[in-house]
Amino acid sequence: MNSSDEEKQLQLITSLKEQAIGEYEDLRAENQKTKEKCDKIRQERDEAVKKLEEFQKISHMVIEEVNFMQNHLEIEKTCRESAEALATKLNKENKTLKRISMLYMAKLGPDVITEEINIDDDDPATDTDAAAETCVSVQCQKQIKELRDQIVSVQEEKKVLAIELENLKSKLGEVMEEVNKVKQEKAVLNSEVLEQRKVLEKCNRVSMLAVEEYEELQVNLELEKDLRKKAESFAQEMFIEQNKLKRQSHLLLQSSLPDQQLLKALDENAKLIQQLEEERIQHQKKVKELEERLENEALHKEIHNLRQQLELLEDDKRELEQKYQSSEEKARNLKHSVDELQKRVNQSENSVPPPPPPPPPLPPPPPNPIRSLMSMIRKRSHPSGNSAKKEKTTQPETAEEVTDLKRQAVEEMMDRIKKGVHLRPVNQTARPKAKPDSLKGSESAVDELKGILGTLNKSTSSRSLKSLGPENSETELERILRRRKLTAEADSSSPTGILATSESKSMPVLGSVSSVTKSALNKKTLEAEFNNPCPLTPEPGEGPRKLEGCTNPKVTFQPPSKGGYRRKCVGSENQAEPVVVLDPVSTHEPQTKDQAAEKDPTQFEEEGGETQPEYKEDSGGKTGETDSSNC
């Protein structure tokens, strides 16, 4: 079985081998056939290429021959035309000759004419022969050559002209293209010019808007400058008021007044804080409005300028805040100084010995320097109402020196006010007129104050008079230095003088008036005078109101509480030194005379307007004088 299978397989393999060999031979034969066909096709292609090259050569030759023939035809045409032209010329010449000959024949006779006619009949044949002969002649050949040369030259010129014409056409096309380009560029330039005109119009509009906004900004800047000046003047007034508070702090010796003054200072600080907050809110509103305007603008320079203005305003705000902080610190210092002065007053009250009993006879009361000071101020403010109001008190020789001293001090203070020291105007309301009973009762305290000031030390008064003597001839700086030296010498003997001198040096020029009064009213003389008894005696013509059992009164000057200035003389059972208190502008409610009498029956009021009508701030020149009465 295996052998038979193997044989079958071998037979199959052999059969397949034979088939493969046969197929290979067939494929080989086909390959040879294709190669032969390819060779034939290559040969045909080469032959066709050769034929094409031959055809091209032949076509070029034919074209050259055609061109040559065309040229030859043109030459022949020109020759024919020239020959025809010559023939016409010859015919014309022959006709002219015939006419001439006819004339001669007419002269010769008819026989000759017949012969000539016969000759004319034979002329056409002879003409043709002559033409042939002429063409064959040397002249005709020369003319033909010349004509041919002319034809060649004319053809060359024609070619040159054709070339030039083509060049000119090409140049004309280029020129037309350039013209079209120039037209296009011109159109583009016109469009650009129109666009630039539109841009210029827009720029003009924007510049007009910018100029208007710049003018508005200038107006705002001027307003802000005015506000800044007002703020600076307000700060200067606040500084002057603080200096007033410093000067007044030297005379605060009661226990109840420091608390009130601190409350007033706190109220003023609260008002200042409110004003600063309102200004800050207004400033923020303005800044927001300016920012809203600037959001729609593209001008960075204006933004930069506005930012610089904002920085300046912020600097001003910082300065105001610093001044506010300095005012708070000064108020605190005033509080500390008030406490120290209160302690010293308590110590001095404990150390003061009991006063001796008053003597039965009383000298005539000396003049009141404060009243004279007030009368001088009233004379300057109301000169018309000064003639009907006079004082009825006598003036001894000792009192004249004190009045001269006070008068000179008042004149100096008024000179300083006139020279430009601006004081803050005090808001004074209409004050009620003083009643005769209250005036009579208050003049008893004034008489006591006159007695106190009349018995001052002569040495201090003479020294102050010497210092005030050359006032008109000396300069302001020399007077200030002399007063400070006098205050330093006068206050060096008392323990309380050190504080006064230290604070008086820190005050501005207005403090020079208070330094003069301090030099005349030092601590020792006041203690020596207040140790003496000073009962009160009413002036002639006064009411029955008296102060009994009052050994040492306390005189206080209170500011106008919506009713003007008031001066109170408060009698106390305890022995104490006199105190003069100049209180700043208070915010308390006004008290009537009945309410004041209910609170303290021994309290008398003397209004500052007893010898003059009510003060009204009608002009800016009177503000300094009313403030000087506060000092």
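Glycine too: its Cβ is placed from the backbone N, Cα and C atoms.
Copied from Swiss-Prot, the annotated features are:
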COMPBIAS  456-465  compositional bias 'Polar residues'
COMPBIAS  490-505  compositional bias 'Polar residues'
COMPBIAS  590-602  compositional bias 'Basic and acidic residues'
MOD_RES   Ser3  phosphoserine
MOD_RES   Ser4  phosphoserine
MOD_RES   Ser101  phosphoserine
MOD_RES   Ser249  phosphoserine
MOD_RES   Ser375  phosphoserine
MOD_RES   Ser473  phosphoserine
MOD_RES   Ser494  phosphoserine
MOD_RES   Ser506  phosphoserine
MOD_RES   Ser515  phosphoserine
REGION    343-404  region 'Disordered'
REGION    417-508  region 'Disordered'
REGION    530-631  region 'Disordered'
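Sparsest Cβ environment among the modified residues Ser4, Ser249 (other Cβ atoms counted within 10 Å): Ser4. Ser3 (phosphoserine) counts 7 other C-beta atoms within 10 Å of its own C-beta, drawing on all protein chains shown. In this structure, Ser3 (phosphoserine) is part of a helix by DSSP. Under the three-state DSSP scheme, Ser101 (phosphoserine) falls in the helix class.
The two recorded residues, Ser4 (phosphoserine) and Ser101 (phosphoserine), have Cα atoms 140 Å apart.
A separation of roughly 142 Å, to the nearest angstrom, links the Cα atoms of Ser101 (phosphoserine) and Ser3 (phosphoserine).
Rounded to a whole value, the Cα-Cα separation of Ser249 (phosphoserine) and Ser3 (phosphoserine) is 151 Å. Taking the Cβ of Ser101 (phosphoserine) as centre and 10 Å as the limit, one finds 16 other Cβ atoms among all the protein chains shown.
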